[in-house]
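Colleague: Please read through the structure below; I'll follow up with questions.
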Amino acid sequence: MALGNEINITNKLKRQEIFADIKHEKNKERHTMRRKRAKEERENPELREQRLKENVTQTIENTRVYDETINKEVEGDEDDLMRYFNSNSNEPPKIFLTTNVNAKKSAYEFANILIEILPNVTFVKRKFGYKLKEISDICIKRNFTDIVIINEDKKKVTGLTFIHLPEGPTFYFKLSSFVEVKKIVGHGRPTSHIPELILNNFQTRLGQTVGRLFQSILPQNPDIEGRQVITLHNQRDYIFFRRHRYVFKDNERVGLQELGPQFTLKLKRLQRGIKEETEWEHKPEMDKEKKKFYL
């Protein structure tokens, strides 16, 4: 039964009956087609393989539009952070951790979490009268490699600022979806072992720079016997932080125990040097193109 002038039928019951018949006929045709296709594929398995190969669901990820400013010829070029890895220095990173001015309790609680996650951290409460440039100069003289600033607003941690010393760059991330350790069901207790680092899906030149940032604040010699791993998974320019421990159940099976916490980072700004020239900044109009990602 074809769909013609049935929509103009004024009798509601009659109209519903006709639409039900049309729907039933379409379902009948679909089931007949599926039975016929299944019979053909049983006789020739190659037809099924070809159908599954061609039947690829379109997602935002596989229809991604790459940033036209990324040139493949320069995608592997060095950035400011690459010099850190080329310096052949075996010294572990030394991190100076602080907060914004007049921070509240939530910022200090999050600082305790970062002290547990990042090795070789020195935390200092932020005082009035010290500008960021002055703090950076003091940290450089004391051989700190990075500054991490916890940004808090209205008693809530809203972002993280990373400054690589001595010449930058500076990263500002918005922080969201924070879940405390105690709210994670079945969480474990972390140990003092240096964790492994897994970076996933950082594909563009900007994404590689962000990945090198996280590589530079964690030592390159993890304690394998600790079985702890930090995962930073980039999906649609949102960076998901997770921390787990491998749990060996027997000689063949292995599981994961989450250690926590959970939070999400989104890059908002990348600046050269110590908060100098803006190299990249996220703008609201960038969110209009849902298939275009920058990391």
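Each residue, glycine too, has its Cβ placed from N, Cα and C.
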Colleague: Out of 2-19, 236-253, 254-271, which range is noted as region 'RNA-binding' by Swiss-Prot?
Modeller: 254-271
Colleague: On average, what pLDDT score does this prediction assign to the region 'RNA-binding' (254-271)?
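Modeller: That region's mean pLDDT is 93.
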